[in-house]
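Right, I'll just put the structure down here and ask away after.
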Amino acid sequence: MATSSPKKSSSNAARPPQAVKFSRRTSSGRVVSLSRDDDIDISGDLSNQNDYINYTVLMPPTPDNQPGSGSSSDTKPDGQQGTYGASRFASDSQRTSRRVEEEGGESGPAMGAKLDRRVSIMNSANNRSMLLRSQTGDFDHNRWLFESKARYGIGNAFWQEDDENQYGTDGGVTMSDFMDKPWKPLTRKVKVPPGVLSPYRLLIVIRLVALFLFLAWRWQNPNPDAIWLWVLSTVCECWFAFSWLLDILPKLNPINRATDLAALRDKFEQASPSNPTGRSDLPGVDVFVSTADPEKEPPLVTANTILSILAADYPVEKLACYISDDGGAILTFEAMAEAVRFAEAWVPFCRKHAIEPRNPDSYFSLKTDPTKNKKRPDFVKDRRWIKREYDEFKVRINGLPESIRKRSEMHNSKEAMKEKRLAKEKNGGSLPPDFKVEKATWMADGTHWPGTWHNPTADHSKGDHAGILQVMSKVPESEPVLGQPDERKLDFTGVDIRIPMFSYVSREKRPGYDHNKKAGAMNALVRASAILSNGPFILNLDCDHYVYNSLAIREGMCFMMDRGGDRICYIQFPQRFEGIDPSDRYANHNTVFFDGSMRALDGLQGPVYVGTGCMFRRYALYGFHPPRASEYSGMFGRIKSQAPIIRAQPESEEDESQPLNVHPDLDLPRKFGNSTMFTESIAVAEFQGRPLADHASVKNGRPPGALLAPRPPLDAPTVAEAVAVISCWYEDKTDWGGKIGWIYGSVTEDVVTGYRMHNRGWRSIYCVTKRDAFRGTAPINLTDRLHQVLRWATGSVEIFFSRNNPLLATRRLKFLQRIAYLNVGFYPFTSLFLVTYCFLPALSLFSGQFIVQGLNVAFLFYLLIISLTLTFLSLLEVKWSGIALEEWWRNEQFWVIGGTSAHLVAVIQGLLKVIAGIEISFTLTSKSAGDDEDDIYADLYVVKWTSLFILPLTIIVVNLVAVVIAVSRTIYSVIPQWNKLFGGLFFSFWVLAHMYPFAKGLMGRRGRVPTIVYVWSGLVSITVSLLWISISPPDGNTASAGGGSVQV
């Protein structure tokens, strides 16, 4: 035992200074390095089990912090030690050495040799001066640093390259040890405070119990005086309770998320052993923009969207943009060509001056000071120049229709003269009687436009034209191309002037083929982009939704590249709108859905896909399963188990070879079409979309540096293959639209596509950025808004009556996620009960009866409890979602307006399609503003009569007439019954308050009511009066019951 201690001490003494591994991560995500002995209180709400991660702190062997403590302590006076000699940072070898000397251990020549080697840093020409002490007796650090030209400790600021061994690098501690950084996640969850979420959940339970007791009381206490009124009201209230339950259950677990863009740059864009040049290792992103009609979707709006995408802050060589022109219009084609030319100046200008937003129209329309936070002295000059260029660009875009018309007329006249001359030569000098020359639409290069002509003919109409694919900007260089000073343009010295690849695509259309509207156009883009760029991620935007935050793509990539990101099928961004009237009369912002419901779904299996502002994983869009999935069984899906792996069946096998217990949505896709190049791109996209395998906990990752190879340039065979895959016959006998890509068969293909992915076990993420990611426009006109809601509601009805009903979902769909999708299919049917309930107050006032026999204490108590719990739930929902009370109230109002108009019509149309097979056609929502250019809200006051107005207008008129009749009858009654009158008035005013925005919309700009409203009001009033007289004719006596009646 006596001999073992010196050996142990000797072995410890030979080690380098040990590292203290200790740090914590704060609630904001910042890593704070701590000593293991620091007296810091880290208990409380900010600490958790994941706060502490490995970090390395090295204590350098400065002259007063030497590993050998025996000699240094002997030179000090009694009771005095070196500044660091007895500090709490002393290494284990120091403490062992002291203990050995005190115990009389080894202190001979061997120990002296070790001490000499440990203090070898002091062997210099002026070591004597370095050992001089200050007047206080402590070591003079400043003098030592000055005379030795050394550094105090090791830090992350700067160090000299010489004297690499002065800290004992030959003993095992190297600079690479110090530079090892802790693994940082790219995202983190920010949970809703328990002080808000716990009362919210408790109130849900209380209101649920109150609703159950109230409905039980209602069924047990009928109103014998008006049994029909009691039955109707009770049935409606039961459905409203069921509808509320479907809506509130998915909101039990709302969460927020945050990203770390700095960590993303460190991992993917910094020099490392696997990436010596520091080139971007991020995966590629293909951005899809869809348009169909340049009349309703102005080319200038689409061009601004394209410019914002091309200027996004993402590696240029990894970004590609595609536009799908489903109308095949030459106006859109030439507008995009002009946009690409303007982008050559706009994109470098945005990079040079960090412009936000990068939509030129929105940027130049900002009301704030444009010079704020701009430091370059040439900014004002550059902005003035680019503003003039943009004005000229707008003039060119606005002049394109006239330019195309004049060009076509010129070429057509020349062609007509040639045709006439040839016809005369063939016909003996005279024109044949059936001579006719087609008026074609001509391109700028003097050739026929292959798409839709202004005068449609065979092979050149909207539903009959060839496929068009034009790469308008080539694949950028892999290395930055720096600009040069140019007197005619801007000074782009040191600025990367490359722009991403941009392609115009118009798929082939022929008569006799079902082209499946927007879903078919998006699938054509998926195939064409797989051939040209094959980005593993796809960002889908509408033509009027532009990139408002240039870092939005990076924010989404943080989730895809983080640990567990390989299980994410898409990232849904919230929709934000511009040009909405300040009062948001028709709830166009829809913040209750985007900030409330979608945040809550993010705490389950993920938000639904809403059609735009969504970043897809290409591999998930192809219909494949996630690498890992779970199944949920038992009561309410509480039993979680690992989902089995379903192997792909060969394409040659028959469908009967599939096991009978396999859900159709779990059947893997097999028929991608006959393009070998496309099929080979699938595996490449899957590999490139994997997260970085830089940590042991990252599963299914890819090695660092795997995406550094430059993209090969495009050649003629590749472009020809891309044209082939957008042909109308390519999807024949394939799984496109069924298992692959956007799903066909519904007007709301977005919801169905997202549902299919969730049904396979994928999950989605809701990414709410600090600065809005994307912004777009929404219809502020009442008619356009109702038609938009009608399309959404019709799609929901189609989902309910199709195989996409969540009641038929797989066990990979979570229980509450299933409830959320069930609510999507159920909510239009609430209109049947809502319309009935809106007429009940009027019927109650007409009849003098009420839904209950009397306003007793039990009814009022239940009504008070239900109303108070709903109010408090709304306040707490406003608290955790961040919406305003006015926005919540506008949403409630438009729920009643839409429910009594568009939703009811959607149910009827859906039933007609399911039962009678009658197809439904919808008009495209106009993206253009009103005729008054001086008033951006001019479209708000335009009254466009539609049949959707009939039922809400009838409800308003009937309730107003009922209020007048009931009040008059009660006032002139001998024994007035005010309690029944007030009950009916309360519910009638509830209906009218919700209908107020609708009535205001009918009055136009200055309260001028259209004539049609007066006509309908008079007609409804006369009809209601005559109907009531025929049902309950006056008896000539003044009644004394039921509130009385007017004596005739």
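Heads up, the Cβ atoms here are built off N, Cα and C, so glycines get one too.
Among the features that TrEMBL reports, active site is placed at Asp326, Asp750. The annotation Mn(2+) binding site is assigned in TrEMBL to Lys518, Asp542. Feature annotation from TrEMBL assigns compositional bias 'Polar residues' to 1-13, 65-94. Feature annotation from TrEMBL assigns region 'Disordered' to 1-115, 409-434. For 200-220, 226-246, 820-843, 855-876, 948-975, 981-999, 1011-1031, the entry in TrEMBL reads transmembrane segment.
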Can you tell me the CA-to-CA distance separating Lys518 (Mn(2+) binding site) and Asp326 (active site), as a whole number of Å?
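Rounded to a whole number, the Cα-Cα distance is 8 Å.
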Please indicate, using numbers and ranges, the residues of the same chain that are 6 or more beyond the transmembrane segment (200-220) and have a C-beta under 8 Å from a C-beta there.
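For the transmembrane segment (200-220), the sequence-distant neighbours (Cβ-Cβ under 8 Å, at least 6 residues beyond its ends) are 234, 237-238, 241, 244-245, 248, 252, 852, 858-859, 862-863, 865-866, 869-870, 872-873, 876-877, 880.
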Between the Cα atoms of Asp326 (active site) and Asp542 (Mn(2+) binding site), what distance do you get, rounded to the nearest Å?
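Between the Cα atoms of Asp326 (active site) and Asp542 (Mn(2+) binding site), the distance comes to 13 Å.
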State the residues, same chain only, that lie 6 or more residues beyond the ends of the transmembrane segment (981-999) and have a CB under 8 A from a CB inside it; answer 'none' if no residue qualifies.
585-586, 782, 838, 840-842, 844-845, 850-852, 855, 890, 892-897, 952-953, 955-956, 959-960, 962-963, 966-967, 970, 1043
When a 10 Å sphere is centred on the Cβ of Asp542 (Mn(2+) binding site), how many other Cβ atoms does it contain?
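Other Cβ atoms within 10 Å of Asp542 (Mn(2+) binding site): 23.
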Please report the Cα separation of Asp750 (active site) and Asp542 (Mn(2+) binding site) in Å, rounded to an integer.
12
Same chain only, please: residues at least 6 beyond the ends of the transmembrane segment (855-876) with a C-beta under 8 Å from a C-beta of the stretch. Say none if there are none.
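Distant Cβ neighbours of the transmembrane segment (855-876) are 196, 199-200, 203-204, 206-207, 210-211, 213-214, 217, 221, 248, 885, 888, 979-980, 982-983.
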CB neighbours of Asp326 (active site) within 10 A?
22
By a 10 A CB contact count over all chains shown, which of the recorded positions listed here is most packed: Lys518, Asp750?
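In terms of Cβ crowding, the pick is Asp750.
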